[in-house]
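*Asks:* Structure in structure tokens, see below.
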Amino acid sequence: MLILIFFISYVINEHENIFIGMYKIITSPAVLVTDFMQVGGIGAAFLNAILIFSFNFFLVKSFKVKINGLTIAAFFTVFGFSFFGKNILNILPFYLGGILYSIYTSTDFSEHIIPIAFSSALAPFVSSVAFYGDISYETSYINAILIGVLIGFIVVPLARSLYDFHEGYDLYNLGFTAGILGSVIIAVLKLYHFEITPQFLLSTEYDSPLKILCSAAFTSLIIIGFYINDNSISGYFSLIKDDGYKSDFTQKYGYGLTFINMGIMGFISMGFVVITGQTFNGPVLAGVFTIVGFSANGKTVFNTIPVLIGVLLASLGSKGSIFTLAISGLFGTALAPISGVFGPIAGIIAGWLHLAVVQNVGLVHGGLNLYNNGFSAGIVAGFLLPIFNMITDNNNQRKMNIQKKHMNFLKTVQANIKKRMNENNENEEKK
């Protein structure tokens, strides 16, 4: 509601032609990094976001999808990326592909809505092929739709299979899946001389309005959560001590505490952006809203801050831009479960490595995977997980060995005591 009020008041006061802006957004290539606020203006960007949110909300309500932590995460993530890569047209082929998949497998489409919503991370493929190919418009439109449908059709089984690589320690599993899938598709496109032109369009003039809007939204979440939780924060400290691994906070702690956590995490993510010195824009908004969404499904204060610290430490002496630092930190919190399960030091290491990896993996998919950080986080998690498991298993084995030695020592002491007592009894009997 706050976002809708902001959108209407801005359009009225600024007299912005949102329809021209929407046309520019829809026909933009949408590759990394394309800020829709820079392309079509803030009014058109918010209109696009509201349309996409309404579309997904309609699907969720129509197919009676359960509103759990992952559903909330999907809503906020897709809404955030509506300012940065996804538009109301380039996401539609993915849903068509999902419908065809559900028909082919004789499954309920409601089971696949959330993965399909996340799969629109590859929406730039649709826009790039549709509007920036060297062939006729009619053919390019058909090719774009076919690519989107194909992605929507195969993404669900792929995501299930690739999940085992990081075992759930990358919260953005569809980002990892999209990275693998995008790399294959871009390789095929390049085989037939389809080239992607890099983009770097960022707005700078909307910093203050976006900060005010986010602050109001996150404050509202905390107030609503406080009200739902019987006007208290009782139980919140149990939530923030959760390791975040395969954790649906709505089911474990209720909606009230979940909303409180989402609001608090929103302010923490804003604070991180301010610390880096980055102005608020479309991509930053996507990062902030993604953190807020996944604060219903794994992210807490305790398991995200170590990752953010790791990213900040990795930036010392590196040549990356402030924008790269801010975005990598925000999205790098996909690795929060590593921090929660293996400890803050592991989280810092994961964040440090994430910044190094994420700056190089974009070349693999040509900037057409919007969840580039999710792809990187999957690689980092898959790399670190065997190492941390080895260390944990070794420490556990050492503890068990120490306990065994302690038990053996106690048994020996007890045996010696019994032996001496028996000897004393025998001596007394002789006397």
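From the backbone N, Cα and C atoms, a Cβ is placed for every residue, glycine too.
Sharing the feature lines straight out of TrEMBL:
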TRANSMEM  36-60  transmembrane segment
TRANSMEM  72-92  transmembrane segment
TRANSMEM  112-133  transmembrane segment
TRANSMEM  140-159  transmembrane segment
TRANSMEM  171-189  transmembrane segment
TRANSMEM  210-228  transmembrane segment
TRANSMEM  253-275  transmembrane segment
TRANSMEM  282-298  transmembrane segment
TRANSMEM  304-327  transmembrane segment
TRANSMEM  334-355  transmembrane segment
TRANSMEM  375-392  transmembrane segment
*Asks:* Give the nonlocal contacts of the transmembrane segment (375-392) in its own chain as ranges (CB under 8 Å, at least six residues past its ends).
*Replies:* 162, 165-167, 169-173, 175-176, 178-180, 182, 331-332, 334-335, 338, 342, 346, 349-350, 353-354, 357-358, 361, 365, 369
*Asks:* Looking only at residues six or more beyond either end of the transmembrane segment (282-298), which have a C-beta under 8 A from one in the stretch?
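*Replies:* 33, 35-38, 45, 68-70, 72-77, 79-81, 83-85, 171, 202-203, 210, 214, 218, 221, 244-250, 258, 261-266, 268-270, 273, 304, 323, 326-327, 330-331, 333-334, 336-337, 340.
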*Asks:* When each of 36-60, 140-159, 253-275, 334-355 is checked against the transmembrane segment (210-228) for Cβ pairs under 8 Å, which one has the most?
*Replies:* 253-275
*Asks:* For the transmembrane segment (334-355), I need the partner stretch with the highest count of C-beta pairs below 8 angstroms, choosing only from 36-60, 140-159, 171-189, 253-275, 304-327.
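*Replies:* Ranked by Cβ pairs under 8 Å, first place goes to 304-327.
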*Asks:* Count, for each of 36-60, 112-133, 140-159, 171-189, 253-275, the Cβ pairs lying under 8 Å from the transmembrane segment (304-327), and report the range with the highest count.
*Replies:* 253-275
